[in-house]
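**Student:** Okay, here's the structure, questions in a sec.
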Amino acid sequence: MLPQRPQLLLLAGLLSLQSVLSQECTKYKVSTCRDCIESGPGCAWCQKLNFTGQGEPDSTRCDTRAQLLSKGCPADDIMEPKSLAETRQSQAGKQKQLSPEEVTLYLRPGQAAAFNVTFQRAKGYPIDLYYLMDLSYSMVDDLANVKKLGGDLLRALNDITESGRIGFGSFVDKTVLPFVNTHPEKLRNPCPNKEKECQPPFAFRHVLKLTDNSKQFETEVGKQLISGNLDAPEGGLDAMMQVAACPEEIGWRNVTRLLVFATDDGFHFAGDGKLGAILTPNDGRCHLEDNLYKSSNEFDYPSVGQLAHKLAESNIQPIFAVTKKMVKTYEKLTEIIPKSAVGELSEDSKNVVELIKSAYNKLSSRVFLDHNTLPDTLKVAYDSFCSNGVSQVDQPRGDCDGVQINVPITFQVKVTATECIQEQSFTIRALGFTDTVTVRVLPQCECQCREASRDRSVCGGRGSMECGVCRCDAGYIGKNCECQTHGRSSQELEGSCRKDNSSIICSGLGDCICGQCVCHTSDVPNKKIYGQFCECDNVNCERYDGQVCGGDKRGLCFCGTCRCNDQHEGSACQCLKSTQGCLNLDGVECSGRGRCRCNVCQCDPGYQPPLCIDCPGCPVPCAGFAPCTECLKFDKGPFAKNCSAACGQTKLLSSPVPGGRKCKERDSEGCWMTYTLVQRDGRNRYDVHVDDMLECVKGPNIAAIVGGTVGGVVLVGILLLAIWKALTHLSDLREYHRFEKEKLKSQWNNDNPLFKSATTTVMNPKFAES
């Protein structure tokens with residue numbers, strides 16, 4: 001029952017898709033059946049003779065099947081090519097996991113062609129396993145165990161397949177700073193323990209080509225020595241790229257390919273090479289010389305995306321055997337590299353055989369169906385119907401997990417062309433497997449019209465009938481080739497059908513017949529196209545209430561402009577010709593401060609609807625009406641001699657009116673006038689009510705001001721002199737008291753040091769002796 005479900009879903013999907021696509025046909029500049037087919041998947045062409053009437057364009061023949069049938073086109077005359085898929089199964093006797101082997105598609109633009117691809121996982125499918133090992137110094141214990149793995153690895157493969165082969169390669173890093181120590185002595189022996197024998201560092205060494213000889217594996221791997229480098233990340237991506245890019249050197253067969261990547265650390269990727277002055281991007285090509293990657297110091301590390309593409313292209317499934325601390329790092333890497341797995345490697349690699357078996361079972365139980373790069377004109381989508389009951393629809397690639405041996409799973413592949421394409425091919429494959437499906441794509445854009453329709457008599461003997469349309473001989477044009485050009489070029493005839501030298505003939509809405517436009521009959525009900533250049537119609541006008549020009553009761557559309565009847569106006573005849581809603585209590589339209597449009601006032605700036613009476617933000621013109629107020633009320637001021645002429649529009653009110661604006665301005669004599677302005681209909685038109693009393697202020701007493709000022713200055717001067725005199729007296733008094741105190745302290749008991757006595761006494765020294 002399982003294979004029937006995808007077929008039923010396929011049929012239902014195609015019927016649903018066809019139903020949706022056939023509901024509409026959007027066409028533009030259609031004159032042939034091919035143009036119609038390219039317009040959209042829902043378009044069909046009627047080849048019936050004389051299907052179009054006078055003035056109808058050839059594009060009338062292009063419509064949905066339902067519309068053509070409703071217009072009287074027989075079903076046998078409807079050209080509607082479909083997208084088709086033809087499959088060719090695999091040759092008998094060949095072990096294939098993917099079928100069919102070849103598919104031929106005939107694609108109509110916009111219409112998908114669908115076909116089924118079946119994958120059946122085979123038991124005992126041949127396997128090639130390449131063991132790629134990190135030989136940096138931290139892997140010294142692991143190398144000792146791997147040297148003994150040859151027999152175990154082959155026995156593990158033989159449990160899975162009848163034909164298994166193993167190979168070996170190793171890597172360290174680029175041999176430049178800062179990746180390795182470039183001191184000559186360190187290059188000879190990079191290990192930290194000088195007594196231990198180590199080999200010089202290298203980027204990648206291909207040690208053993210894929211073989212089924214386990215003894216040879218153990219012999220060659222047994223010769224390997226540990227090496228070393230400086231930084232923690234290793235050059236593993238460099239090595240993986242060479243393993244994928246050198247199939248002949250590695251010895252890959254066209255079978256399942258496994259790459260076991262064993263390490264205890266991270267990896268360098270694109271851009272890290274700049275640290276060692278390596279700027280050239282990795283080219284993804286094979287550069288092995290004497291089994292060594294000698295161009296390592298010339299090319300940067302590959303990017304993860306670049307490596308993922310190369311591995312997928314080579315159908316290589318990587319298994320990352322890494323230590324516990326690196327598991328999460330490489331799990332992130334497997335999210336980018338499809339068909340890859342991660343296993344936790346013990347510190348001494350003793351569990352590597354079980355790790356490989358577990359990872360292989362995980363990889364082989366999941367199938368990704370994908371295709372190579374396609375141009376933008378081709379779109380591919382996958383529907384996956386998996387054996388575990390899970391289904392996915394319209395995915396960029398097929399994906400099924402839990403695939404069991406000899407249990408088929410089905411993928412529905414839908415291919416759509418966006419335009420009429422050139423013949424081309426592409427390949428669908430299950431990632432990690434060698435089987436492919438070759439898809440050949442051909443355009444389905446031509447109409448297989450009846451040969452009988454190529455009768456020249458229908459075209460007056462001056463052309464041939466192709467799919468219901470005349471193709472005229474040279475010198476003749478027209479629907480039935482009835483117009484002779486008389487030596488005039490088609491450009492000259494068409495020139496008279498162009499408006500203002502436009503590039504569009506008859507505005508794109510008619511045919512140029514013998515130099516005159518014959519306008520098309522529109523597909524839109526009640527639409528009429530007319531004019532010398534078919535530039536006019538009766539529907540492309542403004543609409544009101546969902547109708548052109550508000551409907552026939554309001555007006556009619558003439559060449560883009562509404563012509564309203566006597567009761568309506570406006571660009572869409574949306575307004576009644578009435579001003580009733582614009583009149584104020586005095587019957588003035590919009591209070592003289594606006595215009596009435598559609599029975600609604602459009603007020604002048606500042607004035608508010610509905611009747612333009614109030615202007616909250618307008619300034620009160622008090623100062624401007626002060627001269628008229630003075631002459632009207634007090635018969636004085638600048639307008640006193642011609643008050644009636646200058647202020648004839650301003651009326652003096654005898655009593656105050658509520659709602660006016662209070663003003664207070666000076667008259668010509670400096671007195672204050674208090675008055676109220678009452679606005680009338682219109683702009684800047686006011687009546688005025690003036691208070692009887694003027695507020696006049698007496699002038700200042702000049703003599704008092706001058707006398708007071710002079711007296712104040714004199715008094716201030718006298719006061720300053722008195723203050724100065726008092727301060728001087730106090731200072732002298734303080735000095736006098738200090739002198740008196742010093743005088744009392746003085747004592748005159750000592751002799752004058754300058755006085756000399758007039759007598760001198762001299763003693764005879766001999767007198768005492770006698």
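Using N, Cα and C of the backbone, Cβ positions are placed for all residues, glycine too.
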**Student:** Per Swiss-Prot, which of C25, C46, C62 is disulfide-bonded to C36?
**Tutor:** C62
**Student:** Looking at Swiss-Prot, S138, D141, D142, E347 are annotated for Ca(2+) 1. Which of D58, D264, D272 sits in that same site?
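**Tutor:** For Ca(2+) 1, Swiss-Prot names S138, D141, D142, E347; of D58, D264, D272, the listed one is D264.
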**Student:** Look at the Mg(2+) binding annotation in Swiss-Prot, where S136, S138 are given, and name the residue from E218, E220, E234 listed for that site too.
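**Tutor:** So the Mg(2+) site in Swiss-Prot includes S136, S138 plus, from the candidates E218, E220, E234, E234.
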**Student:** Which residues does C400 (disulfide bond) neighbour through Cβ under 8 Å, counting only same-chain ones at least six apart?
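**Tutor:** Correct list: F119, R366, V367, S384, C386, S387, N388, V390, I409, F411.
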**Student:** Cα-Cα, whole number of Å: C62 (disulfide bond) versus C481 (disulfide bond)?
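**Tutor:** About 21 Å separates the two Cα atoms.
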**Student:** Work through the disulfide-bonded residues one by one (C36, C46, C73, C481, C612) and name whichever has its CA nearest to the CA of C246 (disulfide bond).
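**Tutor:** Answer for the nearest of the disulfide-bonded residues: C36.
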**Student:** Taking the domain 'I-EGF 2' (483-535) alone, what is its mean pLDDT?
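**Tutor:** Summing pLDDT over the domain 'I-EGF 2' (483-535) and dividing by its length gives 81.
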**Student:** Looking at the disulfide-bonded residues C73, C286, C573, C575, which ones sit with their CA no more than 10 Å from the CA of C562 (disulfide bond)?
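**Tutor:** Those close enough are C573.
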**Student:** Which disulfide-bonded residues are spatial neighbours of C603 (disulfide bond) here, meaning Cα within 10 Å, out of C36, C46, C449, C467, C575, C590?
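**Tutor:** Among C36, C46, C449, C467, C575, C590, the ones whose Cα sits within 10 Å of that of C603 (disulfide bond) are C590.
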**Student:** Based on Cβ atoms within 10 Å, give me the single least packed residue among the disulfide-bonded residues C36, C286, C541, C549.
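**Tutor:** Per-residue Cβ counts within 10 Å for the disulfide-bonded residues C36, C286, C541, C549 bottom out at C286.
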